[in-house]
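S.K.: According to Swiss-Prot, the protein has these features:
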type     : residues                       : note
ACT_SITE : CYS355                         : active site, nucleophile
BINDING  : CYS7, CYS13, CYS16, CYS94      : [4Fe-4S] cluster binding site
BINDING  : GLN230, TYR259, GLU280, ASP328 : S-adenosyl-L-methionine binding site
Amino acid sequence: MSTMQNCPHFGVCGGCSFPQSNYSDSLKKKEELLHQLFAPLVPSDMIAPIIPCSPSLRGRNKMEFSFFQTYEGEKSLGFISSTKPKKGIPVTTCLLIHEQTMDILKLTREWWDKHPELMAYFPPKNKGSLCTLTVRTGSPQQNFMVILTTSGTPEYRVNEACIDEWKEILLSSSLNIASIYWEEKVAARGISTYYETKLLYGAPSIQQKLSLPSDGNSASFSLRPRSFFQPQITQAAKIIETAKEFINPEGSETLLDLYCGAGTIGIMLSPYVKNVIGVEIIPDAVASAQENIKANNKEDCVEVYLEDAKAFCKRNENCKAPDVIIIDPPRCGMQSKVLKYILRIGSPKIVYISCNPKTQFQECADLISGGYRIKKMQPIDQFPYSTHLENIILLEREIDL
């Protein structure tokens, strides 16, 4: 079994919570934590064995690196230190991601070294220029989307000539770069943080191809900088396969896909149901979803609304309940009004997909109080060597309150 002990950042990088373990041992620890968490709600034998991540190394399709700078001026571009939470680790390699991602990081760091006037962004005081470097990997092409996020505060704004220099450094390399974006983070008191995005080079989207192992059903997905997509392509297929098994569709179902992102789950499940309605609040993700619906010829059975989930639920609270609700919310979980809507309309089946079992546990407890029962649970690992995992739960309505 693989371990992380041959990583040069072993013991100091905060990216891996179980770096000293072999992979099978880290899975056992995750299972133990999940069983302890859900013990008040379900018997232990209802939780299926965790599905391992394959491959456990080099499988991540997205990674975000942060810029750090000490008061003394020491710079680093990488991850947060596991021993000093406010300090960064200057990453030179990472066994979880594509090797060439590190070449992009190295070139960016060299560009930064040429510009001592550019300070790392410090969120608590909204000071500094350089925020993050994000790299997405396309599949099966193995090409890259690179996103540099900088401060949009006028005092710390990076000039366009400097950004153009960074772009040309990347393009002069032999790396297979599909897209380069410059993103400015606008944060100020009294307004919600937002991002102004500019495509500097290439196509607006990067592609991911997804296939289900059971029947070969496949689709291609266009992803923009802020489109959500599962971080491991092989595990994404297993998540959707599990959702399909839990639903056990007959072909006549209406499926409501809340927090649908780029439409991945709904599009992949559309061949097995009558129609899919997706809801997503991030414009970038909805733009990707619309592209994906058209590219995969799903206009007749999949539609996506650019709307806050709670607003959608309020607008449709008197409509007929969908046969199945898919919930795949952010780590903070559902909004309370969404939960109330789900309880009010009483759909027969809910498939709750979560990257944060703690919020999932609490919201499942609320759903149980409202007449639902947990029928199946399947954890899936897609964050090797960390404490994180994806957990999929099937709930069915048994009581009309």
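Backbone N, Cα and C define each Cβ position, glycine as well.
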S.K.: Where's the emptiest Cβ shell within 10 Å among the recorded positions CYS7, CYS13, CYS94, CYS355?
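M.R.: Among the recorded positions CYS7, CYS13, CYS94, CYS355, the lowest count of other Cβ atoms within 10 Å belongs to CYS355.
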S.K.: Counting across all protein chains shown, how many other Cβ atoms sit within 10 Å of the Cβ of TYR259 (S-adenosyl-L-methionine binding site)?
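M.R.: Counting Cβ neighbours of TYR259 (S-adenosyl-L-methionine binding site) within 10 Å gives 22.
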S.K.: Any idea which of the binding-site residues GLU280, ASP328 has the thinnest Cβ neighbourhood at 10 Å?
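M.R.: ASP328, out of the binding-site residues GLU280, ASP328, has the fewest neighbouring Cβ atoms within 10 Å.
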S.K.: Measure the Cβ-based neighbour count of GLN230 (S-adenosyl-L-methionine binding site), defined as the other Cβ atoms within 10 Å of its Cβ.
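M.R.: I get 25 for this one.
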S.K.: Please report the number of other Cβ atoms within 10 Å of the Cβ of CYS16 ([4Fe-4S] cluster binding site).
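M.R.: Within a 10 Å radius of the Cβ of CYS16 ([4Fe-4S] cluster binding site) lie 24 other Cβ atoms.
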S.K.: Rounded to a whole angstrom, what is the C-alpha distance between CYS13 ([4Fe-4S] cluster binding site) and ASP328 (S-adenosyl-L-methionine binding site)?
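M.R.: Approximately 29 Å lies between the Cα of CYS13 ([4Fe-4S] cluster binding site) and that of ASP328 (S-adenosyl-L-methionine binding site).
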S.K.: Taking Cα atoms as reference points, rank the recorded positions CYS7, CYS16, CYS94, CYS355 by distance from TYR259 (S-adenosyl-L-methionine binding site) and give the first.
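M.R.: Answer for the nearest of the recorded positions: CYS355.
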S.K.: Using C-alpha atoms only, work out the spacing between ASP328 (S-adenosyl-L-methionine binding site) and CYS7 ([4Fe-4S] cluster binding site) and round it to an integer in Å.
M.R.: 33
S.K.: Find the shortest Cα-Cα separation between GLU280 (S-adenosyl-L-methionine binding site) and the recorded positions CYS7, CYS16, CYS94, CYS355, and name the residue that gives it.
M.R.: CYS355
S.K.: Reduced to three states, what secondary structure does DSSP give ASP328 (S-adenosyl-L-methionine binding site)?
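M.R.: Its secondary structure by DSSP: coil.
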S.K.: Within 8 Å of the Cβ centre of GLN230, TYR259, GLU280, ASP328, which other residues of the chain have their Cβ, at the recorded S-adenosyl-L-methionine site?
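M.R.: What remains near the Cβ centre is PHE228, ASP257, LEU258, CYS260, GLY261, THR264, ILE265, PRO329, ILE353.
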S.K.: For the S-adenosyl-L-methionine site made of GLN230, TYR259, GLU280, ASP328, how many Å separate the two farthest Cα atoms?
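M.R.: Farthest Cα pair among residues binding S-adenosyl-L-methionine: 16 Å.
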